[in-house]
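Taken from TrEMBL as is:
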- 3-166: domain 'EngA-type G' (DOMAIN)
- 9-16, 56-60, 118-121: GTP 1 binding site (BINDING)
- 174-349: domain 'EngA-type G' (DOMAIN)
- 180-187, 227-231, 292-295: GTP 2 binding site (BINDING)
Amino acid sequence: MASVVAIVGRANVGKSTIFNRIVGERISIVEDVAGVTRDRIYATATWLTKEFRLIDTGGIELKDASFVTQIKIQAEIAIEEADLIVFVVNGREGVTQEDEYVARLLQKTKKPILLAVNKIDDNAFINEIYDFYSLGMGDPIPVSGSHGIGIGDLLDEIIKNLDFTEEEFDEDEIRFSIIGRPNVGKSSLTNAILGEERVIVSNIEGTTRDAIDTAFEKDGQKYRVIDTAGMRKKGKVYESIEKYSILRALSSIEKSDVIVVVIDGQRGVIEQDKHVAGYAHEAGKGVILVVNKWDLVEKDEKTMQKKEKELRSQFKYLDYARIIFLSAKTHQRVPQLFPLIEESFVNSHKRVQTSVLNDVLVDAQAINPTTTFNGGRLKIFYANQVSVCPPTFILFVNDPQYLHFSYKRYLENRLRDSFGFEGTPIHIICRKRD
Ligand code: GDP
Ligand code: GDP
């Protein structure tokens, strides 16, 4: 579980320049399935082999908000989400009233804060930094985001102030999170799950980030629901900001084995649902699609089937995910969610025997031989499963470019039929064997 660092400061001091400088070319769009063009406000950074996550709170914008509203939200998010805050000021302008206001907001937290004085492009400006002692934030660190000066020193300080001890997890425990846009019923579902008969809630523990995970046991299986939205204080202005909810979702996804994506069965799918689901898919973990508020839907015996078909076409990339129609309010089918979570977990951790895997692939090619594509015909020599979460297979072939997309799809389906990978994505990688 990587530590989180948030960059805070008033507009134009250079937050996003510093963010980009630290993250560099690391942001890559792996697979832009849901048409999510990732805004650069959240990324993983590495320094001296240490990894942490970085948020540019300046990218979380509220339309037409005043400076005060905007900065309050940024500070609040930073305080809530981060383990360390980098407060950026403009060394060319001296301390402004706005900087003082930000400093006051940040003083509320006990989390470590580093003061980065930006735009110190050369030594001629170095004396400007002393002014900033008045903010009461400790020693100012001179940097130049645009020239890359002092960024190494800033990173050294960041690393020094973060805790990199790994959290220990119980291996028998299934960690899952419930994500979705606001008001789809995440909190209600969490409460319904925890309120189920024979659910034994063993402990509630707050971690450093004030996140609340809840461990419980159901039918002999241990679970942990990550960052239980239901336990969070609600009604904060920023909860409705899409970028913020994505941020929250991403951090829960990272800690989970299985992602429960909730949509509102009554209101139907909107763009934001697709974004959330897209992130869940990209994580390569188990996914379950929950259609909540099913009690509100007027239905006959065909409604569920129709709805499922509709959802399958709206979430094509989630073809492996089970869909369950339930009501967090009446608890209808809530008990059936547990076996789905377990199935998804088990399948995403499944390892298949190499010999059986190769038999399946030989049979698959016998039934449906490869054809010529890109100037050649694919020959698969042998295959190996190299990892789990998601199950990943390497096929050693004569030339990867002969693999047609539809043939890859076919092989994937054969593996699914043979081994049962419901609830989890699987990856197939082709390698040239010389
Ligand atoms: P943000 O609003 O805090 O995210 O600020 P930006 O990163 O967008 O930067 C605001 C302006 O300051 C841009 O025109 C940047 O090019 C400029 N800027 C950022 N860092 C530096 C720096 O280290 N030196 C100088 N001279 N300009 C900078
Ligand atoms: P969250 O923002 O995703 O955590 O959503 P909440 O759990 O706060 O639910 C939003 C609203 O939908 C609340 O008024 C809930 O009472 C209501 N709600 C949640 N689940 C259901 C459901 O299954 N059926 C009905 N009728 N209402 C629900």
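Cβ coordinates come from backbone N, Cα and C, glycine included.
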Annotated binding-site residues Gly9, Lys15, Thr57, Ile120, filtered by Cβ under 6 Å to ligand 2: none
Candidates near ligand 1 among the binding-site residues Asn12, Lys15, Gly180, Asn183, Lys186, Trp294, judged by a Cβ under 6 angstroms: Asn12, Lys15
Residue, out of the binding-site residues Gly9, Gly180, whose Cβ gathers the largest set of other Cβ atoms within 10 Å: Gly9
Among Gly9, Asn12, Lys15, Thr57, Ile60, which are recorded as binding-site residues, the nearest neighbour of Trp294 (GTP 2 binding site) by Cα: Ile60
Gly180 (GTP 2 binding site) as reference: those binding-site residues from Gly9, Asn12, Ile60, Ile120 with C-alpha within 10 Å of it: none
Candidates Asn12, Lys15, Ile60, Ile120 (binding-site residues) - the one closest to Asn183 (GTP 2 binding site) by CA: Ile60
For the binding-site residues Asn12, Thr57, Asn183, the one whose C-beta sees the most other C-beta atoms within 10 angstroms: Thr57
Local Cβ density at Trp294 (GTP 2 binding site) - other Cβ atoms counted within 10 Å: 22
Separation of alpha carbons, Asn12 (GTP 1 binding site) and Lys186 (GTP 2 binding site) (Å): 36
Overall pLDDT for the domain 'EngA-type G' (174-349), taken as the rounded mean: 87
